[in-house]
Amino acid sequence: MSSTETPKAALPAMTHTVGMPTHHKIIFVGLFAVLLILPFMVYPVFAMKLMCFALFACAFNLLLGFGGLLSFGHAAYFGMASYVCAHAAKVWGLTPELAILLGTLTAAVLGLAIGSLAIRRQGIYFAMVTLAFAQMVYFFALQAKFTGGEDGIQSVPRQDLFGLIPMRDDTSFYFVVLAITFGGILFIYRITHSPFGQVLKSIRENEPRAVSLGYHVNRYKLMVFVLSATFAGLAGATKSQVFHLASLTDVHWTMSGEVVLMTLLGGMGTVLGPIVGAVIVVTMQNYLAYLGAWVTVIQGCIFVIGVLLFREGIIGVLQKLIKKSL
Amino acid sequence: MLRKFALSTVAASALLATPALATDITLGVLNDQSGVYADLSGKGSVIAAQMAVADFDAAGKGINVNIISADHQNKPDIASNIARQWYDQDGVDAILDVPTSSTALAVADVTAEFKKVFINSGAATSDLTRGNCQPTTIHWTYDTAALANGTGKAVTEAGGDTWFFLTADYAFGHALERDTKAVVEANGGQVLGAVAHPFPGTDFSSFLLQAQASGAKVIGLANAGADTVNSIKQAAEFGIVQAGQKLAGLLLFINNVHSLGTQTAQGLQMTTAFYWDMNDDTRAFSERFRAEAGAPPSMVQAGVYAGTLHYLKAVEAVGSDDAEAIVAKMKEMETDDPLFGKGYIRKDGRVIHDMYLMEVKTPDESENDWDLLKLVATIPGEEAFLPMEDGGCAFALAN
Amino acid sequence: MFELLGVPPQVLMGQLLIGLINGSFYAVLSLGLAVIFGLLNIINFAHGAQYMMGAFVAWMLLNYTGIGYWPALILAPIVVGAIGIALERTMISRLYKLDHLYGLLLTFGLALIIQGLFRNYYGVSGLPYAIPPALQGGQNLGFMFLPNYRGWVIVASVIVCFSTWFMIERTRLGAYLRAATENPELVGAFGINVPRMITLTYGFGVGLAAFAGVLAAPIYSVNPNMGADLIIVVFAVVVIGGMGSIMGAILTGFGLGVIEGLTRVFYPEGSAVVIFVIMAIVLMIKPEGLFGNNA
């Protein structure tokens, strides 16, 4: 590994074709197949949690891996969407699709507001602006009446989908979540492999050049920021329907840190990386829970080993081995 | 999942018919094992549950008990996920402990959904047996209403009739302030003001000075854990107590007092459901507990022991793992154990037992580093907890 | 009587003083962070954990070896600084040429490990550490009762902060350091061992965190989580002051302590978020920070 490596250099050369290359088709078909049988292999609620976090990490990756913008406040969109969705379902009695839509829209609006300020700054300053706003959102969530403060919004009902299809059963809701997350991930893939994605890439690689070519750089940055926030919101809103609750955990800054961890562990700027990273982190939190305080130690060790040895993330390393972008 | 549940009820009814067969019970201790409540619940609660199983001689009575445990990291989604998986896949019959209100409320919902048993010891929110009550929830050790009743009433009656609150700015802190304020005012006292501090906080001196400026006789600390410890420490440092104001810790655990030391905490009054040095029974238990856990049991850990014991008694009486029958039995039987004495479980799931108003000993009175409290008054259970009629638990009031 | 927005002036004076005391901790901590960032280009997210270690080492010295507060004030930073040096040599030094992100993640991982280990061995309830006898009691200033120890905190941190500033900005050693960060090859060519200097700088920055930890031990609960939430506040202080600006970190630390103190009077609930509001405003208007000179 060269000593002048930057996260940008860690990225593999992205394919320039706009259509989906064959091996990506195979990946998505394989992913879909795995998701179809997943609820029969692992616990459905856990599987849904995995998918929500995978979507969250993919949304984050859209911004970091493809937009080159490190946000340290993505918990704000994830968490606020989850609160609004929970409130809509519980107090207004909205059906899941409407509640999730409303949560997602909230995240989009929030993303537009914060993003339009944050994109004026770069690098670490950009990260700090997003952190600052996320802290304010956290403060709002703690103070506002409707969020229930520390108790969160509990016992959130899951109404019938479209008011028709019963969703009480976790297995049937699983397929709704599957449709949402798989659709979301495909959409993100489509964005990154579109002309829009190509422009983003050129901005990330050489911003002054993109400006000189006549691109409205800030407009592109804002757009990717809002898209990323929107999908993060979609993940958060869906999660609140999965667990029947929304809580402060989802807006706390440690959640913003976790999504960075997932993305980097899996490999940023890759298609599969964030998914793999999310699966590893969530599985670890779930299955190591019996180890108590050692969980933090193990998590810390993974961070350290990851940064020292697998800087490109698991998928990044794999990509190098098989010389294909994953 | 539904199929599995149906199977287990079939199995349960089969067992009912032949009580000679062994009953398999799995208990899940779900609590904070790495965060702020790890010392007062954590591994110690698992030890307490194991001791209850051993003391009950479950194996000798044909009940095979298996105890599992996990760390919910104080996150409601993790708690909810573990609870679901435990009930659905690992055959857990009852979940124990679960400190912090948000996780407890989440687990209460999941338990009701799966029609299992939830015996809470660690959480403070009285909502568990009020607005958010569930037929499957049993709340053992304490709640915000009992804490307010104990300390608020005793301190006001003893002449501390003007109060100022230092409130942790989250649901628990506000609930504690609200409940205590009501008790203070009902006893002829007056609340001069309150200041909400961020949670968690480190420096309280600024809030303490505001409390001092209010001129109230009593500064009520409506916070918990490290926040309370820090407030008390800093009140001592700023000479607040020497200047004539009294501190009232509304939620203090023995572990907090231990970390403060008697030098700093002396004279502080607090309400607790259990103290290790009450009588021969509690001392004997605590000694055995300490040999394994390294410290005497907190009231939360004592509650896990007592709750497990009572649950096993009900299992024995019912002769199966049928949750509905077990909960009915638990509420029907009087509670009676070496740690909490005699009591009963109300229809809304609230366990009624005596609470104690304690005072922290002076360094001269304290003989060793865990000899920390002396009894001021015993508050009968009926007085300590909020009456069911005022609680608003729908299913309990319906019939 | 003259009142400001319903707050009597005595109370206000008291709150300002208390804000200044809290600011002392921010100043020492953000100074350490700024030194490390300015000279190593590493965002040391383990700073909160190292602050906590400082307090714990002081506690251990007292309870295991009987060494009291005053020696601990020197010894604990040395011990923790040495651990920091070991970490720098074995891990952090591999990341200097990479993006900030990796340094931040590595040190964040280290913080998790350190906090987890302390939690396993010492629990979370906190350990008692008494105020040294010489500093017990307090002075009645008329408008408030100032504990002697808090007075000492201000004095000690002002001394430490300004001697550090002097050393880096006004001495030959500091000049070498600053030069080495600008152009390590050139400074190395003059026969100065640049890597060693950088290692020692990291150790020094960590030592500052530990020093703040010892200062905090007698007044805040000594527990493994004591630095966990502080780190992002301190980080915000550094950003507001201007990343890498030594004087900026010191002045902003004290200043924000005072602003936070005032918020506690007028809008107590908001005192946890006020620093971030200020950070957002500063970054929008003057992104290089109040005292920084390059964005």
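The backbone N, Cα and C atoms fix where each Cβ goes, and this holds for glycine too.
What you are looking at is a predicted structure, and each value in this text was computed from that prediction instead of being measured.
Cβ atoms under 8 Å from those of the transmembrane segment (C:12-35) belong to residues 4, 43-44, 47, 51, 141, 143-144, 146, 150, 153-154, 156-158, 160-161, 164-165, 168, 201, 204-209, 211-212, 215-216, 230, 233-235, 237-238, 241, 243-246, 248-262, 264-265 of the same chain, restricted to positions at least 6 beyond its ends. Residues annotated as transmembrane segment in TrEMBL: C:12-35 (among others).
What TrEMBL records for C:42-62 (among others) is transmembrane segment. Counting only same-chain residues 6+ beyond the ends of the transmembrane segment (C:42-62), those with a CB under 8 A from a CB of the stretch are 29, 32-33, 36, 68-69, 71-73, 75-77, 79-80, 83-84, 87, 92, 95-96, 100, 103-105, 107-108, 110-111, 114-115, 118, 122, 127, 129, 202, 205-206, 209-214, 216-217, 220, 222-231, 234-235.
Tertiary proximity for the transmembrane segment (C:68-87) is limited to same-chain residues at least six positions away from its ends with a CB under 8 Å from its CB atoms, namely 46, 50, 53-55, 57-58, 61-62, 110, 132, 156, 199-200, 202-211, 213-215, 218. Per TrEMBL, the feature transmembrane segment maps to C:68-87 (among others).
For C:99-118 (among others), the entry in TrEMBL reads transmembrane segment.
Under the heading transmembrane segment, TrEMBL lists C:149-168 (among others). Listed as Cβ neighbours of the transmembrane segment (C:149-168) (distance under 8 Å, sequence separation of 6 or more from its ends, same chain) are residues 18, 20-21, 24-25, 27-28, 31, 35, 73, 131-132, 135-136, 138-139, 174, 177-178, 208, 211-212, 215, 218-219, 246-247, 250, 253.
Tertiary neighbourhood of the transmembrane segment (C:200-220): same-chain residues 24-25, 28-29, 31-33, 35-36, 39-40, 42, 44, 47-48, 50-59, 69, 72-73, 76-85, 88, 92, 129-132, 149-150, 153, 156-157, 160, 164, 177, 226-227, selected by CB-CB distance under 8 Å and a gap of 6+ residues from either end. According to TrEMBL, the transmembrane segment annotation covers C:200-220 (among others).
Residues 16, 19-31, 33-35, 37-38, 43, 45, 47-48, 161-162, 164-165, 168-169, 274-276, 278-279, 282-283, 288-293 of the same chain sit 6 or more residues outside the transmembrane segment (C:232-259) yet have a Cβ under 8 Å from a Cβ within it. The transmembrane segment annotation in TrEMBL covers C:232-259 (among others).
Annotation comment: TrEMBL describes C:266-285 (among others) as transmembrane segment.
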